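Feature list (source: Swiss-Prot):
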type	residues	note
REGION	1-36	region 'Disordered'
TRANSMEM	58-78	transmembrane segment
TRANSMEM	93-115	transmembrane segment
TRANSMEM	136-156	transmembrane segment
TRANSMEM	178-198	transmembrane segment
TRANSMEM	212-232	transmembrane segment
TRANSMEM	260-280	transmembrane segment
């Protein structure tokens, strides 16, 4: 028995550096096993000569194309039915958006980071997680993918597409532009904050399961935001999604409030980046110490 007790003592001493739970994780030993990655350069000319740079852009294009194709088709399926009980309803639409984000982030995270959203790209750029060159390239490819995805849906079901709003985001009757803007800001804040938390490099360094599970909370956040804001704006929180549907549908009312679906998500993404980097992680203060 004495030998076994000694083994237990040795084991406890050997693994005493394991990560504490809760606020204890904020102790003085934080820097022993983790070093903050350097910020991405604003411009990185070498990227333009790398195939991985263009491969990542293509991945963003294809992912956003598939995202718009599945989600807009789902919206059309609900819109054409006179009885919402006979279709998947709002919950089904929310699941299609959240489920596709879950699947596509899982598929593309190792190639491009799995942004699939200019607001996510913008937030990560503000946090210096990627260069301006890559951010602009991603946003362009995301918008092109969204336009093509919505265009294919219209090609399959033109009458249904044009007769049921084309999945374009508009502020619903009974709500003001301020309501719509606020819903888009808060909804995008939730999404981008979840992205920062789920992909946090410090957590990844300490918990090996975090990178594998990251797509799940991101997709679930998209699902929940859609449940809450579909009745208000149809839920944008993704400027590429809103732009693609608006361009292909191309009716006046789809453009009247279109600015909301760019300003709202970008403001929400900026707030999420500031909150996570400055308040939660205190990155600026660490760099001075």
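Yeah, the Cβs are placed from backbone N, Cα and C, and that goes for glycine too.
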Query = What stretch, picked from 58-78, 136-156, 178-198, has the most CB pairs under 8 A with the transmembrane segment (260-280)?
reply = 178-198
Remark   = When counting C-beta pairs under 8 angstroms to the transmembrane segment (58-78), the leading stretch of 93-115, 136-156, 178-198, 212-232 is 136-156
Query = At least three Cβ pairs under 8 Å linking the transmembrane segment (212-232) and the transmembrane segment (136-156), pairs spaced 6 or more in sequence?
reply = no
